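Each remark here refers to the structure printed beneath this line.
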Amino acid sequence: MAAYENRNAMIDHSRSNRPSWLRSLADSDVAVGWLFTLPFLVLWVWWFLYPFAQSFLRSFQDVSFTALNDATFIGLQNYIQILNDPEFYQAVLHSLQLVVIAVPVQTLLGLLMAVLVNQKMKGQGIFRTVFFIPYITSQIAVTTVFMMLFKKGTFVTKFFTLFGFEDVTWFADTRYALLFVSILFIFQQCGFSMIVYLSGLQEIPRDLYEAGQMDGASKWAQFRYITLPSLKPVTFFVVSVATLLGFQIYDQIAAISRYGALGSPAGATSTVVTYFYQHGIRYMNIGYGSAAVVLFFFIIMFITFLQKKWLGDKE
Amino acid sequence: MSKMKRLTVFMLVSLLLLVTACGKDNGGGIPAADKDESQEKATVTMGFWGTAQDLKIYQDAAASISDQYPNLELKIKQYPSSEQFWNVLPGEIAAGVAPDFIKISNEGAYEYINKGLFTSLDELIAPSDVDMNRFAASSADIWKVDDKLYGIPNLTMPSMFFINADMWKEAGLGEYPQTWDEVEAAAKKLTKDDVYGITINIDAYHITNYVKSYGGGWGNGKTINSAENVQALQKIFDMYKEGVAVTPKALGYGWDGEVFANGKAAMTTGGYWYKGYLKDANPNLNYVALPVPKGTVNGGTMISDAYVVLKDAKNKEAALKAAYYLTNDKTQTEFLKLGFNSAVTSLSAKYFEENPEFKAVEKALDYSTDFAYPAETKKFIDELVKQLEAAILGGTSQSPQQLLDGIQQQFQ
């Protein structure tokens, strides 16, 4: 007890020796909050805000990637040119198609897998690991394996003929290439959705289910009226992240376009990101590419806003 | 004079002769530079894409460069593929981390020269003791734009046409084809089961060989929709329509060499790199290399690799010296064994002795020409590939004339 009092006395003494402004700073929750946020904030400004501000500025310039000092201000010309380019609309359409196909499927599959591995069963850990592996495996490696599987004459392409598809090399066919990328994306992202849903499932209080059982609710009713509503914030997170990643997909497309033009075959897999990369980096027209990025940013913001409105927690 | 004294004098004279001989020539065909070891050591980096065999040759050369230039250290940076190289390089230039000099082919160089990213070498040649007379004039000329020299030539080789000799024999075909009409006829006989007569890679290099053999070309963007080019594309379309041609992509392969090595196509256009590749991929493949078949004229592309100093190289003179060192006889002879025809005149004469499988292509050295892509090379290549893929893989109904007219409009 005496030692405790001594210690407190020492702390008080040390505090009283500090300047008053430091004392008030340490007592302020707001200041401490900012202090803890500072490392993230610095990185965010350095890695996101500053590059984005640069991109925004460059989007009004005619400037080559390799001669950044020779920039000419051209106003909205880059934006006008992009909005008059049919390839941009094609890229936006492909990005939207990919997100519309892949996001609902991978969200549903992720939820299904999470419910399955949340059951008490033998080998639960193995299933969780197996389902999660594609997410942590190199995207190029997974794409390469998928390219081997979806070659003309393989059992996979032959299997899909049962559903009316032709036995062709999927990633070389303009009709199937985007679907191929979507399947690939779903396969890789399911594991992530599963893990997030799994953590969500484990947060749902048991007593809700017990109350449901006492009221005679069936398994489906419990899932429909307890599990799904409880997972709403998780679903918003999964859908938002999947949408962002779907819009940003690049590695898989670059891998299937190897030895050809990006977005191959014939632009069937071109997306907003490949459009930006092609113009900004490959053709070295960083002003034009930056304008595409700014437009892309607002498209994603708008879609996230809609998602928040429909799926987000009203509270 | 005592026996001991005579021996000492003999040893000294021998040593003197040896030193004099070494001073004149290092055995690499490049005169030795003054070995001023008091100067500060300069480090230069060379970037290239190529095989592991190429890397080994470059690493050996880098290890021996100090024999010739004691104040020079050479570092080698290998890029995984040509696509990566061309895509990464602009970013490296912008960030100021690009190599000091690079080895590139003439296929993509014009765009970079046009954008001022390479150093004109004319004023550096004399102070760096570079002897341009060692190189074939035709090789050096490829690297001149507006009378300014941009590259120290490394190799020059015409494009080729490859035939699987065993398949040809099995099909009971006689003389090898000299024209595309003969190729088309042979392709019909060679196509069976899962083997195609010919693989035509939808890639600007291969397409350019077809257009040049019809007397066409891109004319740096001025003649994209010429009648000759239309005729060449029509031949390609015909072979696809008849089902005797296949793209590597449609079979799930990356490039034409893979299709050919795996016996999925009996013929293809290609280049000198096939030798090294086939040696690893299918050592038992019996093939013949011929000049690109005639459409209406003898024509094809001339591939020329050169060492090019980047505009932001920290020490341009040191970079040029190192680049020139890589053209020494020893290094060039190593490349010669891999199928590279040296741009050094004295070595080029030995090329077809060392590579008898390419002997038939020798005559194409006289008529093969540069690519002459438009200044916006990458954009042009992407557009050409995209439109051809749409027509061949996507089944659009555009005629060759419409297709080329559309591209021409974008590159007026």
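Cβ from N, Cα, C; glycine included.
Listed in TrEMBL for this protein:
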DOMAIN    A:92-307  domain 'ABC transmembrane type-1'
TRANSMEM  A:30-49  transmembrane segment
TRANSMEM  A:96-117  transmembrane segment
TRANSMEM  A:129-150  transmembrane segment
TRANSMEM  A:176-198  transmembrane segment
TRANSMEM  A:234-250  transmembrane segment
TRANSMEM  A:256-277  transmembrane segment
TRANSMEM  A:286-306  transmembrane segment
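Contact between the transmembrane segment (A:176-198) and the transmembrane segment (A:286-306) does not hold: fewer than three of their C-beta pairs are under 8 Å, each pair 6 or more apart in sequence.
Same-chain residues lying 6+ beyond the ends of the transmembrane segment (A:286-306) with a Cβ under 8 Å from its Cβ atoms: 52, 54-56, 58-65, 68, 71, 74, 78-79, 81-82, 88, 92, 99, 240, 243-244, 247, 272-273, 275-277, 279-280. Scored by C-beta pairs under 8 angstroms, the transmembrane segment (A:234-250) has its highest count with A:96-117, from the stretches A:30-49, A:96-117, A:129-150, A:256-277.
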